[in-house]
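The next block holds one structure in the form of structure tokens; read it before the comments.
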Amino acid sequence: MSFKKHLIISTLIRVFLIYYGEVQDSLSDVQYTDVDYRVVTDGANHVLALGSPFKRHTYRYTPLLAYLVLPNLLVHPSFGKFIFSLFDILIGVLIKWILLNCYRSNKISIETKLLKLETLNNRNKYLIKRKNEILNSNNEALPPKYIRMAEISAYCWLYNPLTMIIATRGNGDCVSCSLVLLSIYFLLKNEQTIVQYFVAGLFLGLSIHFRLYPIGFCLAFYLATQNRTLEKWHDIVRSILKPNPKQIALVLGTVIALGSTTALFYWLYGYQFIYESMLYHLVRKDTRHNFSLYFYLQYLSSTFDVTVLEKVLTFLPQLILILMLTVRYGQHRQTLAFGLFAIAFVMVTYNPVVTSQYFVWFLSLLPLCVKNFRNIGIRKAVFIPVMWFISQGGWLLPAYLLEFKGWNTFEFIWIQSIVFFFSNVLILQMLISNYDIAYNYKID
């Protein structure tokens, strides 16, 4: 079956889920539609009345999201879900494009080295044969197995039930994820022109405007544009302080996109926009049940002010891990995707607030790394997702009893949050230990 047919099938599945959600919403107390979707729609209603979306209580997103779902009020209440589903499909397409580009880049790099080696050893018959094959073939062409691998990786997203449900419930995180993948696509393009790095910066800046989490990717993006490996910290600092033209273009694009959108909406909506869409997420204390390890602490201290020391101790572990992962995997184009996945995984796992829609932050990057896990084995490949879903299920049961039955299950939720946290830590450790960069492209 062709990739286009898979796109059509995955699109139809999402359409079915959207209509199913409307039926469930009308018949069940457990609503399929995300409560945030209703908040964003209410914000769009204020925009339509030439007001501020922040007049809607708990609207804490970019105003662009309210503009995006204006058809909810003009066409159909579920129109925004179709828009988010299109972005969800786009992510699958971008995954294939990025992987094909990476394969071509590795193919050209390897074959170029072969040509250089052949010039040093003209007597080697194999290298002479390879030289003739390379010179007579198109460097853009790839063996079918690599195209197939890129498509299978895209299917890991297109047919992921969790991500399909999150998008069709009306969650807009797929927009920021697609912008992140667009920035990766342009950053890793083979041409490596100044313009493409500037465009990558534009998409990175837009993704930060939609969601703050891509800020954690900035240093990795920056280091991936250099032409050498830096092993010592002072070399990394020197590289940051003395940027090359590619890095300047990347930073310029990021600053222009993020700065212009921020300035525009600050002019329209004032300080309330800055606080609600940005600052609030840095000081947020969610006393409602969520997956975070820090949930119960926040619940018990809900009547107290958050101290600076508490904030530092909360964010310091993930900051240290992000820096380590950036230095380890962010310096090379070939390992950048896995570095970004690991960074997003750490940010979600160690975040003070963790909800299910945050999972798409790293799940959208995981298919880019599937090709490098060939040594993981069947047992681990089955064990990892099973453990992840079981640890979530163990949390969902007491959360359901609290939310819909009114039972006092806070301590059970906290215990399951600890289990979920350590499950994520173990999963990341297993993925890092089984990651193999050698499985990018090999000449048969």
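Please read every residue number as a count from 1 along the shown chain.
Cβ coordinates come from backbone N, Cα and C, glycine included.
For 1-23, the entry in TrEMBL reads signal peptide. Long-range neighbours of the signal peptide (1-23) within the same chain, counting only residues 6 or more positions beyond its ends whose Cβ lies under 8 Å from a Cβ of the stretch, are 32-33, 78, 81-82, 85, 88-89, 92-93, 96, 151, 154-155, 158-159, 164-165, 167-169.
The annotation transmembrane segment is assigned in TrEMBL to 82-103 (among others). For the transmembrane segment (82-103), same-chain residues at least 6 beyond its ends with a Cβ under 8 Å from one of its own Cβ atoms are 3, 7, 10-11, 14-15, 18, 68-69, 71, 142, 146-147, 149-151, 153-155, 157-158, 163-164, 167-168, 170-172, 174-175, 177-178, 181-182, 184-185, 188-190, 333-334, 337, 364, 367-368, 371, 440-441.
Under the heading transmembrane segment, TrEMBL lists 170-188 (among others).
Residues annotated as transmembrane segment in TrEMBL: 194-224 (among others).
Taken from TrEMBL, the feature transmembrane segment covers 248-269 (among others). The list of residues near the transmembrane segment (248-269) in space but at least 6 beyond its ends in sequence, with Cβ under 8 angstroms from a Cβ of it, reads 52-54, 62-64, 187, 194-195, 197-206, 208-209, 218, 221-222, 225, 277.
Taken from TrEMBL, the feature transmembrane segment applies to 312-329 (among others).
The feature transmembrane segment is assigned by TrEMBL to 336-352 (among others). Same-chain residues lying 6+ beyond the ends of the transmembrane segment (336-352) with a Cβ under 8 Å from its Cβ atoms: 98, 102, 180, 184, 187-188, 213, 216-217, 220-221, 224, 284-286, 292-294, 298, 314, 317-318, 321-322, 325-326, 328-330, 358-359, 361-362, 365-366, 368-369, 372, 421, 424-425, 428, 431-432, 435.
Look at TrEMBL and you will find 381-401 (among others) tagged as transmembrane segment.
Annotated transmembrane segment per TrEMBL: 413-432 (among others), in sequence order.
With Cβ pairs under 8 Å as the measure, the transmembrane segment (312-329) is packed most heavily against 194-224, out of 170-188, 194-224, 381-401, 413-432.
Of the ranges 170-188, 194-224, 413-432, the one with the most Cβ pairs under 8 Å to the transmembrane segment (381-401) is 413-432.
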